[in-house]
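**Q** Next up is a structure, given as structure tokens.
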Amino acid sequence: MGLSTVPDLLLPLVLLELLVGIYPSGVIGLVPHLGDREKRDSVCPQGKYIHPQNNSICCTKCHKGTYLYNDCPGPGQDTDCRECESGSFTASENHLRHCLSCSKCRKEMGQVEISSCTVDRDTVCGCRKNQYRHYWSENLFQCFNCSLCLNGTVHLSCQEKQNTVCTCHAGFFLRENECVSCSNCKKSLECTKLCLPQIENVKGTEDSGTTVLLPLVIFFGLCLLSLLFIGLMYRYQRWKSKLYSIVCGKSTPEKEGELEGTTTKPLAPNPSFSPTPGFTPTLGFSPVPSSTFTSSSTYTPGDCPNFAAPRREVAPPYQGADPILATALASDPIPNPLQKWEDSAHKPQSLDTDDPATLYAVVENVPPLRWKEFVRRLGLSDHEIDRLELQNGRCLREAQYSMLATWRRRTPRREATLELLGRVLRDMDLLGCLEDIEEALCGPAALPPAPSLLR
């Protein structure tokens, strides 16, 4: 049994040996040579690439801005490279057969061209100022405006690839990188953590308080303005007479009824006046205009001791004369107070240097608005007027008194008379003021010893 086993093992061995002997070259071809394997697996140095047809040759790569036109013919020989055409580029060393096409900025995504395409660089696209890039993919981006952080503060400034990071004020929450009022917050959103109910209650209380207080403030303001207006109107009625006296140099005209009430007896006829026959004067009418005479009887400085009538309080309004009366006046003119002083038998009265009452009477009866004109006509210069006003800046009355005292000192005593003041007041058309001065100086001596009540 052992002998039969041996022939069975020898048969396969013999067949294997025959196959090796018959096809030695075919078996050797199946396994590559060790040297060829090392060459095929070797890598070319940096800046070169393996020849596509001969692995043993390394060709030099083309520079950026060029492309491979033909491979190098052999080792140590140059590669045939050509420059890219317009609208194409290569951005690095390469052995590409064609240049890459230039990219275009997408206006629908808000992109703008930062730098144009060249043979060695692709088009550079970006965003405008105060914008950032939001990438939808690795190379696709869209431009959005940076958030202004309204109702909040900037935590991180806007960058090229990141929007502004905001921190919202109290009563606002962040939604899509914008600070939105808590009134727009719903219970289902996360904003309920930031918008607390207490804040809403406080805000509601403030709004209700403002709603109540605002109408009250407006109402009381209108009431205050109304009271102020009424007070001014009441004051105006009291100031009206004083203002009229200051501006016009005479009292305000009274109503006709009041004027008739003050007329208690008819006027004494003037001996020098003879009216035209048939002329009948009306009640309260004076043939002499009010700008020249008043309603009082004829008066001269020499008659002061015998003057018993009370001081004039009102002056009748000016009334124009009829044609007949005008003819009578032209034929027989009535003298004015200044003419009566000049025609009087008495000599002109000089101002008493030791008695300041005379100067104060002039100060009180000349209108303040006409005062500077008055003292200029007396001979004072503007420099002297300003100096005396500064010396008595707190009291206008004392300043005016000082001006008259200065005029009196520089004027000879025989010339400082009421006649001179009367001429100046006549030139200023202020004869009414002159009569007031006369009454102020002569009135106290003419009062009766036992005063009687006026009705």
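Cβ atoms are placed via backbone N, Cα and C, with glycine included.
For reference, Swiss-Prot lists these features for the protein:
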SIGNAL    1-29  signal peptide
TOPO_DOM  30-211  topological domain 'Extracellular'
DISULFID  C44-C58  disulfide bond
DISULFID  C59-C72  disulfide bond
DISULFID  C62-C81  disulfide bond
REPEAT    83-125  repeat 'TNFR-Cys 2'
DISULFID  C84-C99  disulfide bond
DISULFID  C102-C117  disulfide bond
DISULFID  C105-C125  disulfide bond
REPEAT    126-166  repeat 'TNFR-Cys 3'
DISULFID  C127-C143  disulfide bond
DISULFID  C146-C158  disulfide bond
DISULFID  C149-C166  disulfide bond
REPEAT    167-196  repeat 'TNFR-Cys 4'
DISULFID  C168-C179  disulfide bond
DISULFID  C182-C195  disulfide bond
DISULFID  C185-C191  disulfide bond
TRANSMEM  212-232  transmembrane segment
TOPO_DOM  233-455  topological domain 'Cytoplasmic'
**Q** Run through the Cβ atoms and count how many others sit within 10 Å of the one on C185 (disulfide bond).
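**A** Result for C185 (disulfide bond): 19 neighbouring Cβ atoms inside 10 Å.
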**Q** If you count the other Cβ atoms within 10 Å of each Cβ, which of the disulfide-bonded residues C58, C105 comes out on top?
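**A** That would be C58, with the most Cβ atoms nearby.
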**Q** For the repeat 'TNFR-Cys 2' (83-125), DSSP counts of helix, strand and coil?
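**A** The repeat 'TNFR-Cys 2' (83-125) comes out at 3 helix, 14 strand, 26 coil.
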**Q** May I ask for the distance between C81 (disulfide bond) and C195 (disulfide bond), taken between their Cα atoms and rounded to an integer number of Å?
**A** 68
**Q** Round to a whole number and give the Cα-to-Cα distance in Å for the pair C102 (disulfide bond) and C84 (disulfide bond).
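**A** Answer for this pair: 11 Å between alpha carbons.
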**Q** DSSP secondary structure for C166 (disulfide bond), reduced to helix/strand/coil, please.
**A** strand
**Q** If you count Cβ atoms within 10 Å of each one, which of the disulfide-bonded residues C146, C149 comes out on top?
**A** C149
**Q** So which of the disulfide-bonded residues is most packed in, judged by how many other Cβ atoms lie within 10 Å of its Cβ, out of C44, C158?
**A** C158
**Q** Could you round the CA separation between C58 (disulfide bond) and C117 (disulfide bond) to a whole angstrom and send it over?
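**A** Answer for this pair: 31 Å between alpha carbons.
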**Q** For a quick check of packing: other C-beta atoms within 10 Å of the C-beta of C81 (disulfide bond), how many?
**A** 18
**Q** Given C149 (disulfide bond) and C179 (disulfide bond), what distance in Å do their CA atoms have, once rounded to a whole number?
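**A** That comes out at 7 Å between the alpha carbons.
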